[in-house]
Amino acid sequence: MRVFNEIAVVTTICIKSIPQRFWASFSTVVAVGLVVTVLLAFLAMAAGFQQTLRGTGTKDMAILMRAGSQAELNSGVTRDQARLIEEAPGVMKDADGKPLVSPELYVIVDGVKKTAVPADGNLKKAPRSNLTLRGLGPAGIAVRPGLKIVEGRAFKPGTNELMVGRALQKDFAGVDVGDTVKLGNSNWLVVGAFELGGSVFESELWADTPEVQDLFHRQNVFQSIRARLTGPDALKALSDYAANDPQLKLDVTTEADYYAQQASRTSDLIQKLGWPLAIAMAFGALAGALNTMYSSVAARAQEIATLRCIGFSGTSSFIGTLLESLVLALVGGFVGTLVTWVLFDGLTGSTLSGASFSQIVFTFHLTPAVALQGVILALVVGLVGGVFPAWRAARIPIVEAYGTP
Amino acid sequence: MTGQTLIHLQDVSKRFVKGKDTITIFDHLGLSIPAGDFVAVMGPSGSGKTTLLNLLGGIDQPTEGSITFDGGRVDTLTEGQLARWRAHNVGFIFQFYNLMPTLSAARNVELPLLLTSFGRAERKRRVEAALSLVGLAERADHYPREMSGGQQQRVAIARALISDPKLLLCDEPTGDLDRTTADEILAMLRLLNQEMGKTIVMVTHDPEAAKYARRTLHLDKGRFTERELVA
Ligand SMILES: Nc1ncnc2c1ncn2[C@@H]1O[C@H](COP(=O)(O)OP(=O)(O)OP(=O)(O)O)[C@@H](O)[C@H]1O
Ligand SMILES: [Mg+2]
């Protein structure tokens, strides 16, 4: 209790003296806040990105790609292989007995981000970003029961018509229903917009496979096959079937697993960028914190020495100084979290996905786990920035109590 | 009024080592201060007056020799033991008051009590009593910057008295005050000595201040020359 009283009053003295060094303390708070903002922006981006990819794909959809290809873009599947999969076990059939299998084409096209639209509105001169164009087989819409057409209609097979993901429309210009999009040498009409559970697909353009094959001169080649599974055991049946047929050198996974893997790769990359940058900045903030706290200790040297004279322990000066530093850092941490939340949370961004090289639209998400990492980084800065000055405070010679005011 | 020996310095030497040089402040100094004494210490600047107070107050340790207080050795205590010993036995009064600027008068006076086991209510009661004693009951909630030098020094006296120490050590307690205010403070110290039996050692440059003490020690070149003065 006595020790507690002692520490409490020294801490009060330390913290109440902060306004006497207002600008130094303020700049420490700002520096720590900046570090936390940068870190949290990256981590919120990684979290949001992961959430978008994780939300993509379901467990009852199989995705088949060439063995070892890892990503749709690198894969290649033939028409013969697609035909074999239509007869495979574990594949669901529709009411008419037609297998729910969609051989799909996956190609990169380009578009103009809304932020890149020039002042005169002329999209032809604007810098372009990569986009995914997906060619869907005849069952392409039927294999995706979660699909919601929110505007217009689906494309008609055999025409140059496009459906556009909702997320893509938010981020890119000239892709509204009724707009004409030039892909290669032909013009495509946007006839509909869709939503699909906030997933990566909402960042894609969809069209009829044969038309896309024509456009890119890729007759008889696909990137992947989507197949709806009949139940929990169906994936095993399908992969066994593929493994036993020498013509089917394909990797079989659920769509959910495929995107989860893509998600962790990219969000790892984002975190690997964010942490070193934040830590490098944290050293700057640390220098500021040390400076502020050393000047705090110097300014209070006589007060500390007087307390020691009265009989207070060096420990209480140590803890009081350390807590002052932690309070400054914590305020910085909260300010940084708040700024990130106000500026970034819910903000839509798009980034190159590592595997597809096309834009994936996602939402920054400041999760509690992410915020906690920011606050912890702030506390580490406060702790390291406080511990050395606190040590000096504890060692102030008591005779310093004399001397001029 | 004075009685048994409260403080006894025997063969005390104090040397400071500064680089290659060793400065000897005291060389085998002896001093006895009876309980209830009021001693003024005078002497030229740099003669070791503050160093003497530091030794008496357990802030600094002698290089050689022994210091006893109330029959117990002080010079052999560890830093932690000394801190506790100071909290119980010594009140310090400084030239520049040394109040905590961020604490109210009452909170300043309360500081030494935070090292005791008194509860909040008892601390409050004692703080009020101490502030009344120095005539500042009305100023409990005022901050040091809102008070005159003399008032601040009275708060400092209340703080020095609050844990009822036997010994008060004052380093130029009136050095920063005008004559009238200085006389008020000195009269208060004399009262504490005469009415409450506090033993007081006061360093001063001011011969007028020294007149309030029972005796004056002149410190020069590490030696005392004593001159009795009747208070
Ligand atoms: N910690 C220290 N290290 C080295 N020298 C010291 C130290 N403390 C005091 N001294 C030296 O000891 C001598 C006596 O100092 P002290 O402060 O006791 O003098 P004083 O009589 O109080 O002087 P003043 O009247 O100016 O306050 C001085 O020469 C001073 O420089
Ligand atoms: Mg001195």
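Backbone N, Cα and C atoms are what each Cβ position is placed from, and that goes for glycine too.
The structure displayed is predicted, hence computed values, not measured ones.
Per TrEMBL, transmembrane segment is recorded for A:22-49 (among others).
According to TrEMBL, the feature domain 'MacB-like periplasmic core' maps to A:25-240. In the predicted model, the domain 'MacB-like periplasmic core' (A:25-240) has a mean pLDDT of 88.
Taken from TrEMBL, the feature transmembrane segment applies to A:273-297 (among others).
What TrEMBL lists as domain 'ABC3 transporter permease C-terminal' is A:278-398.
Per TrEMBL, transmembrane segment is recorded for A:318-344 (among others).
Residues 28, 32, 35-36, 39-41, 43-45, 47-48, 51, 278, 282, 285-286, 288-290, 292-294, 321-330, 332-334, 336-337, 340-341, 344-349 of the same chain sit 6 or more residues outside the transmembrane segment (A:364-388) yet have a Cβ under 8 Å from a Cβ within it. Per TrEMBL, transmembrane segment is recorded for A:364-388 (among others).
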Could you tell me what the rest of the chain brings near the transmembrane segment (A:318-344), counting residues at least six beyond its ends with Cβ under 8 Å?
7, 10-11, 13-15, 18, 25, 28-37, 39-41, 44-45, 285, 289, 292-293, 296-297, 364, 366, 371, 374-375, 377-379, 381-383, 385-387, 389-391, 393-394
What is the number of residues in the domain 'ABC3 transporter permease C-terminal' (A:278-398) that are helix, strand and coil, as DSSP sees it?
90 helix, 10 strand, 21 coil
